[in-house]
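Student: Please see the structure below; I have some questions.
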């Protein structure tokens, strides 16, 4: 369970708005499936050892799941004849969201140990927590409440609420506010861009082909890696943080200060005194960002959770029961 990870920062739903928590509870499966969180962690460990990018994908998956329909595992549903365009086929996810197989492996192991007990939505939340811990060298170690149910609906059209990489600061703040997240949450959660990779098409037009404030040396490097006009058949991926690409750390904020970030949505954090001040504070090597990121992840994972008759516990994460 979570206590096995020796967390230095514990946050239960009692510290959050009761309406947001919907009964989420640290150690939710202690009685019904005591090894649930350990089972998920074991699968995440195997995946991250194989490819650290899978850990980055799990962190991104939580964000992309919770922003659309709430934290209900709806991002996991595969296309069907009745619903050929679920969330995973939406532009922010199709061909870029990965790590589904890690969730599948964890769910199979959980169904063997405790059939019909642990929701896919909770697997996504626990896996993002574990990936954060592993990729940060346990500098980001925290308890993740459980108790979510799985949603029954998943629509590509609803992925339009996700903040795009070309968004300005006002758009970003508005998208976060709509989910009950503040400007500080926006700046803190953006630090997840210290791991993972991006397709060239997500930044070339606005950051390379057009004038921007990007560091000249980084821009020159990216021009060597990316085609001038990325296409479906020619759209390479590059590290979002070229300095420490496999470490979840606050290097992202130092990159921001040095104008060495990929996306417009990153660069705009320096466009206001408020957010630029936050960036400067989070760039310090004093553990502030790690603590705030842990709190923001728990807050993120409480958005719009399904409980009671609103959801189910799926037997397989890719299909509704």
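Just so you know, glycine gets a Cβ as well, placed from its N, Cα and C.
Because TrEMBL annotations are produced automatically, they should be read as predictions rather than curated entries.
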Student: Choose the correct range: of 56-77, 78-99, 100-121, which one does TrEMBL annotate as region 'Disordered'? Give that range.
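Tutor: It is 78-99 that TrEMBL annotates as region 'Disordered'.
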Student: Quickly jot the same-chain residues contacting the region 'Disordered' (78-99) by Cβ under 8 Å, restricted to those at least six beyond its ends, or write none.
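Tutor: Here the qualifying positions are 47, 53-55, 57-58, 60-61, 64-65, 68-69, 127, 154-160, 162, 164, 199, 318-319.
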Student: Residue 114 (disulfide bond) to residue 66 (disulfide bond): how many Å between their Cα atoms?
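Tutor: Checking the Cα atoms of residue 114 (disulfide bond) and residue 66 (disulfide bond) gives a distance of 25 Å.
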Student: Measuring Cα to Cα, tell me the gap between residue 87 (Ca(2+) 1 binding site) and residue 200 (disulfide bond) in whole angstrom.
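Tutor: Answer for this pair: 22 Å between alpha carbons.
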Student: Quick check: which same-chain residues outside 65, 68, 70, 72, 74, 87 lie with their CB within 8 A of the centre of the Ca(2+) 1 site CB atoms?
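Tutor: Leaving out the recorded residues gives 64, 66, 67, 69, 71, 73, 75, 151, 154, 158, 304.
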Student: Over the domain 'Plant heme peroxidase family profile' (23-321), what does the predicted model average in pLDDT?
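Tutor: Averaged over the domain 'Plant heme peroxidase family profile' (23-321), the predicted model reaches a pLDDT of 97.
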Student: Among all the protein chains here, how many other CB atoms are within 10 A of the CB of residue 71 (disulfide bond)?
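Tutor: Its Cβ has 30 other Cβ atoms within 10 Å.
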